[in-house]
Structure formats: C-alpha cells, structure tokens
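According to Swiss-Prot, the protein has these features:
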ACT_SITE  H65  active site, charge relay system
ACT_SITE  D109  active site, charge relay system
ACT_SITE  S202  active site, charge relay system
DISULFID  C50-C66  disulfide bond
DISULFID  C143-C208  disulfide bond
DISULFID  C174-C187  disulfide bond
DOMAIN    21-244  domain 'Peptidase S1'
SIGNAL    1-18  signal peptide
Amino acid sequence: MQALLFLMALLLPSGAGAEEIIGGVESRPHSRPYMAHLEITTERGYKATCGGFLVTRQFVMTAAHCKGRETTVTLGVHDVSKTESTQQKIKVEKQIVHPNYNFYSNLHDIMLLKLQKKAKVTPAVDVIPLPQPSDFLKPGKMCRAAGWGQTGVTKPTSNTLREVKQRIMDKEACKNYFHYNYNFQVCVGSPRKIRSAYKGDSGGPLVCAGVAHGIVSYGRGDAKPPAVFTRISPYVPWINKVIKGKDLTSLSLHESESPS
C-alpha cells in the first residue's frame, strides 16, 4: 500500500497556497541572501510559484518541473507580500533544463535560469557555493531547507521565508518511491516528526554547512517523511558548462553513472 501513496512535485499554483515549510521556523530576514522567489506563468497560462537559489550573479538554480512559459525571479526578498527596498526583480532570459530530465520519474529534476541581467550583490543578495562533483552526503547529516511553501497540508501559506532542519536518511527509507535513484537523489526527513518542504517549495535548496547540496523535488501528499531532493554534486560538470555557455546538445548524464 505504501508504494501506492500519492507523490507530488512540490510546485503549487499561486492563489491555492504557495510557498512555505512544514514544521519549521521563520528565517531571520535576509539571512539566506541566495534565496530566489520564482513567479511563473505556465505553458497553459496559469500562475505558479517555486523557490530557487542564486549560484552566480546571472544564474539561478531550481527544479526542472518549475519550467514555465515566462518566469520572473525576485532576489533579496523576505516577505513576498511586500515591496522591500532590498528586492531585485529580474526576468528570466533562458531556461536550461537538464537534457535527461524525466517528467514522469522526476529524475534529473534540475534547471538553470539565465537572468536577463546580472544581480547586484548586496547584504540581501548573494550567491551560494555548490559542492564538488565527488561530494556525497552521508546518512545522519543535518541540513536545512528553506522556502515560501505551505505550512501544513491544509494550512494557508505564510508570506515570509521559512526554514526547516532536515536529516539525510538512508536510501532504504525511499525504497517505496519507484523511481528513486540514490546516485542522483537525496532521501531526507525527520523520521518521527513531520518536518518538510511542501507545496510551493519546489526548486529551493538543501543547504548543508553553507553549501547547496540538494534541490526540493517531490514528496508524499500527506507531507510525511521522507521527501526526495535532487542531488547536486553529480551535475556540477554540466552546471559549469551551462554557466560558461557551452553547447549542451551532446551532453548526457547516464542514470547508471556514479557521482564520484
């Protein structure tokens, strides 16, 4: 029965409860200057929101399932209901989805957004470092996820950025997710507590010791652990090529590859 549990990508239409964290706390304003709030117009014309994070002055990383027809990124924001003096609102020039992204399995759920102009680095806006290709998170390590998604399965959203502690779990905890792939995904959660990224948090970072190691991808509809994040380390060579403007048509990342 557990294998039949409803799984969902954690993107949410705006107006239906978008952006926040379950079981977490409000972040200190602008203490996570890399956080990005994405306002998306989908291919069908609907409005949706996702999270993301600044990895260079002109590139934001997010989940591939957050791709839309048009996207505007807001940096330096804590309360999305207000126009804060720290905000930088920049339109997306290009969406670069990983060439092996699979909508049905959520594998390779990673995308880079090239901004129309470079962000200005300020105390409220800055980049976050990425891991080395050989880095691999070990079970038991404590990290944090952040976002503006729902605070509960039936609760409304909060306008302010929130964050939650997340424990890296053993791959066995995600064995009931049919398409879970340990080489490219991270299994996270707090086994005895409902602490999770949820609807609207998609694309936000999993931060461990100041480094972005994961991207919010999908989880259970009831918000119980575990949730699945895209593992960033095996994609670092691809990320570097995108940022340098190299041709991506011949690049491929095979599911059988090891990230080390």
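Each position is counted from 1, following the chain as shown.
Just so you know, glycine gets a Cβ as well, placed from its N, Cα and C.
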From active-site residues H65, D109, S202, the one whose Cα lies nearest C143 (disulfide bond): S202
Nearest-integer angstrom distance between the alpha carbons (Cα) of C174 (disulfide bond) and D109 (active site, charge relay system): 17
Nearest of the recorded positions (C50, C66, D109, C187, C208) to S202 (active site, charge relay system) - Cα to Cα: C50
Per-region confidence, the domain 'Peptidase S1' (21-244) (mean pLDDT, whole number): 88
Densest Cβ neighbourhood among C66, C174, S202, C208 (recorded positions), 10 Å radius: S202
Coarse DSSP state, helix versus strand versus coil, of H65 (active site, charge relay system): helix
